[in-house]
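In Swiss-Prot this protein carries:
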| type | residues | note |
| --- | --- | --- |
| DOMAIN | 53-286 | domain 'FAD-binding PCMH-type' |
| BINDING | 407, 505 | (R)-2-hydroxyglutarate binding site |
| DOMAIN | 667-700 | domain '4Fe-4S ferredoxin-type' |
| BINDING | 678, 681, 684, 688 | [4Fe-4S] cluster binding site |
């Protein structure tokens, strides 16, 4: 390794092909209204999906309409660009690399997300390809409908992606696959022709086949080939609920051959035939009644073998989860929401779970079905048969949704397994006849056990589909080879049971096994159909099949994987930067719902770079490129000088910064741009199934980045807020006067990069508490108190935001403590260091944290509760202090207001609720780290006879100083408008309460008047 005093410049990145650049320039000149992206960061962010593969595209296009897509296809048809290839992409949730390729990626998800038309009488809806599945269902719900094909990634998977993989999931035994609900498609052929598909009489299809157009050529080829080989198709295609797609030759014709539909061919085609831009979808009435029975087993095999009983009971769906997934769920935040719905059985170990749903419009019939099932289960338990150890009923819609959210998170939870080997997708969606599933799984498990692998299992046993993810370390070349060996063995095993390798998630890189399933004759028919649509193999080449007479190669299962890049990073670096390296691409951070706290920067920009997955992807590549140059970031971190910057280092940074401002390339700048967009809200550290803590590795990156480049002045001001705020508070009138001057605000915005700075409290906290006993106790006096005297004390831990900018709130808290019969003591202000951590001043943060931890540990020995008001700073003591100090942090505990109140009011009886309700807007960092927060606040208010409703919102957009930085102002206000503003417009402002200082500041800035803290409402109630 080379010894560095700063990170090296990473000046080389994979270059751009001139023909690609010319194509993009011509496209713009011809009126393309979408976005184009060619930076290395942009290309990297779309080089992976939820699979193990990695392929770097040459460029990315984000069309805004079908017209844009047609323009792309038309220009691509010109001879000058005949060498370019194109791949459509949706939500990027594919598990087998379906949308990964070189060439140009056409991403439909960013802009093409409009719901265009609905007809409730005829029960259909027309959408663009980028609409997310849950987005559509949220739109349909007020009409009483839903789009029934289900999948675990429904909050970020696009309908275009679902169509291209013919996705299905829970409930498919009743609802079928996506293709069963697609009434018609608008597709764009390479060359720019529009193809509108729908079921048509075969006679009309034959007439269309005679037209001298690309559409006619397609109709001619498909009609001829599918009719000629009809008997072979019916013989070869398994008669499974999860029928064979890509290409679905069987369903192009109706059973009586009187109807013909190209739609069925495009469904499951993975973008290899055309660009799908719009779809007309069948919609299903929402069932009036839903019931779930959670059945618990002593073994996973028992759960599998008991599944036919559920199918006989006419259940809508049967979802099975094994003990590995259950144990991972128990360690995740999601378990908080379901633990009362899936309780433990005394003296029994739950090693399997069947989630059985009944749904329909006849409540009486469903109740009878459940009663009969429960009677069977009781008999099995009495006779100690079938491995049934207990069951629970749930008829609450919210509870049912929480159960399925846990099940949906199972995929990601497996990625959070401990150790270097991680459960990965490559044989995860095999389908066999349901009656053979249990025996098949016995052999499957024996196969994996023979390789000494651990694995997790869950899935849709009613449909014969079980998701199996063997744990492999893909940084180990030997285990990478084992992955291919296991794939081959599972292909053979599945064939023996009359099943499919691809029962649910599409083929992707696994299409190399297609000839074995289809046979040579039918596989060649697939190739002829590919040739009719895409004769020169330019649409997602290498997937499904290659055109007939083409010598082009198929993608291979053992193609380039993420692990082959990650293994180039030294092991020590991989271990210490685990947060970035362990992202498995599950994409939960792409959740479309504005009320979901993760990830606000992704929600407002719709740019994958500005997501936890994007930032993790860029960081792992940055670490790899550092390793290429012999730079060890771990060693560099250890050698950072403790003292101030030397003159030589300062001059070097000034020179590097000057060249950077002149446009000198460094990949580190692209990573820095991604990190600068992060709000450091920490939602990812709890909401992500893998617990990818972006703020943690972001602060490390910033520290290293600024060994080479100067920091902006605003960074120093933010990091020093806890030093200068106490000094400014000595003369708030003077500083507030200057802060209000137009020239000062203009100077701050233009030269410092800060806007809308808050005013200092006047009168100050010290003035408001002048003469109050809370101000007059020293630590020594506290230590001298007797046990009886200490029992009445409550110690208030100050933070810089409420103490110096919201002093009245601190004063009100002290008054509340007194009214509850306790004696408040305001501890001396001791810097928290949160702002230093956010900006990557980690050495300063370590010193601050060490000093404050020593102080708080000394106070903690007194045995009196310590309580802080601002969630972000209090939680910093629990999280960042642990990360930085380890065991040296000690065991002090600072409670949040609601935590202390919840304890202090345990003996107080709940009073009869009366009066108008209050509305709680909880701080996003607080509610993700402590999901019980809203419920505890509600319990507290109930003890004073007040009703408190929790308002489900995402981030407010302020996030400490993020919203005060000029470069973030537009996004900050945009994030606020996503969920906070609409909710506040519906509610009486004076009854709305917010726990976060940042949240209250943002509301005041945008709405003109602020919100109060819940404790201030309690003060009013007492």
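Count begins at 1; order follows the chain as displayed.
Placement of Cβ uses the backbone N, Cα and C atoms for every residue, glycine included.
Remember, predicted model here, so these are calculated numbers, not experimental data.
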> In Å, rounded, how far does the Cα of residue 684 ([4Fe-4S] cluster binding site) sit from the Cα of residue 505 ((R)-2-hydroxyglutarate binding site)?
Replying inline: 26
>> Say we define neighbours as other CB atoms within 10 Å of the CB. Which of the binding-site residues 678, 681, 684, 688 has the fewest?
In response: 678
> What is the total of other Cβ atoms whose distance to the Cβ of residue 505 ((R)-2-hydroxyglutarate binding site) is within 10 Å?
Replying inline: 25
>> According to DSSP, collapsed to three classes, what secondary structure does residue 681 ([4Fe-4S] cluster binding site) have?
In response: coil
> Other than 678, 681, 684, 688, which residues of the chain come within 8 Å of the [4Fe-4S] cluster site, judged by Cβ distance to the Cβ centroid of those residues?
Replying inline: 589, 598, 599, 612, 679, 680, 682, 683, 685, 687, 692, 693, 694, 695
>> Measuring Cα to Cα, how far is residue 678 ([4Fe-4S] cluster binding site) from residue 407 ((R)-2-hydroxyglutarate binding site) in Å?
In response: 29
> Near the domain '4Fe-4S ferredoxin-type' (667-700), which same-chain residues lie under 8 Å Cβ to Cβ, leaving out any that are not at least 6 residues past its ends?
Replying inline: 7, 9-11, 13, 39-41, 332-333, 409, 411-413, 415-416, 577, 579-580, 582-584, 586, 588-589, 596-601, 605, 609-610, 612-616, 618-619, 621-622, 625, 633, 637, 660, 708, 837-840, 842, 845, 875, 879-880, 883, 924-925, 928-929, 955, 957, 959-960, 962, 967-968, 971, 975
> Between residue 505 ((R)-2-hydroxyglutarate binding site) and residue 681 ([4Fe-4S] cluster binding site), how far is it from one CA atom to the other, in Å?
Replying inline: 33
> Measuring Cα to Cα, how many angstrom lie between residue 681 ([4Fe-4S] cluster binding site) and residue 407 ((R)-2-hydroxyglutarate binding site)?
Replying inline: 26
>> Given a separation of at least six residues and a C-beta threshold under 8 Å, show me what packs close to residue 407 ((R)-2-hydroxyglutarate binding site) in the same chain.
In response: 152, 170, 319, 321, 355, 458
